[in-house]
Amino acid sequence: MTKGLFLDRDGIVNIDKGYIHKAADIEFVDGIFDLCLLANFKGYKIFIVTNQAGVDRGYYTEEDVQTLHAWMRTQFEARGVEITDFFYCPHHPNFSGDCGCRKPNPGMLLLAMNMYDVDASKSVMVGDKVSDVQAGRNAGVGLNIIVSSEYFDGKPEEADYMFSSVEEVYGFLKERL
């Protein structure tokens, strides 16, 4: 079994500007490439797991999401980073009802773990919302980290650790992984 680094997309990988679906709108978060290079070096598979309710709301299509993720992959590859896979939930509870993949449900993480033989207990989830760490906990992820943001609507104790930036997460994990 391998270890996984699960990253929320909007707010952790790229700056959250709301319903992003075009490459021109992407601005990568400071420190994300260093964090991913570290994870690759330490033998972690990297998964980007993201709720994309804009699909259900009709703001953009699943093809738009897939095209953006393919472009993002090339940006990481150009910096020497291997992203193992992207997983997204296109649902919104007001339109599709409940599903098993929308965070805080663990569906996306469990799918990645099953597809890539990932040991949850040796894995890390990094997000900027309570639903991210809840998804990690619900999937049995061993280390759940919050990066505080305007979207963080919980208490610091809901995560194992809380930092103010992805760069701080990198510094912490550099000593821990």
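Every residue number used here counts from 1 along the chain in the order it is shown.
Every residue, even glycine, has its Cβ placed from backbone N, Cα and C.
According to TrEMBL, the feature active site, nucleophile maps to Asp8. According to TrEMBL, the feature active site, proton donor maps to Asp10. Residues or ranges marked as Mg(2+) binding site by TrEMBL: Asp8, Asp10, Asp128, Lys129. What TrEMBL lists as substrate binding site is Asp8, Arg9, Asp10, Asp16, Lys17, Gly18, Tyr19, Thr50, Asn51, Gln52, Ala53, Arg102, Lys103, Lys129. The Zn(2+) binding site feature in TrEMBL is assigned to Cys89, His91, Cys99, Cys101. Taken from TrEMBL, the feature site 'Stabilizes the phosphoryl group' covers Thr50, Lys103. Annotated site 'Contributes to substrate recognition' per TrEMBL: Arg102, in sequence order.
For His91 (Zn(2+) binding site), the number of other Cβ atoms no farther than 10 Å from its own Cβ, over all displayed protein chains, is 20. In sequence order, the recorded positions near Lys129 (Mg(2+) binding site) (Cα within 10 Å of its Cα) are Asp8, drawn from Asp8, Tyr19, Thr50, Ala53, Cys89, His91. Our reading of the substrate binding annotation (Asp8, Arg9, Asp10, Asp16, Lys17, Gly18, Tyr19, Thr50, Asn51, Gln52, Ala53, Arg102, Lys103, Lys129) yields a largest Cα to Cα distance of 19 angstrom. Checking each of the recorded positions (Asp8, Asp10, Lys17, Ala53, Asp128) against Cys101 (Zn(2+) binding site), the C-alpha distance stays within 10 Å for none of them.
The recorded positions listed here (Asp10, Cys89, Cys99, Arg102) include Cys89, Arg102 as those with a Cα within 10 A of the Cα of Ala53 (substrate binding site). In sequence order, Asp16, Lys17, Ile20, Thr50 make up the list of same-chain residues 6 or more apart from Asp10 (active site, proton donor) whose Cβ falls under 8 Å from its Cβ. Of Asp8, Tyr19, Asn51, Asp128, all annotated as recorded positions, the residue with the shortest Cα distance to Cys99 (Zn(2+) binding site) is Asn51. Remark: of the binding-site residues Cys99, Cys101, the most isolated position is Cys99 (fewest other Cβ atoms within 10 Å of its Cβ).
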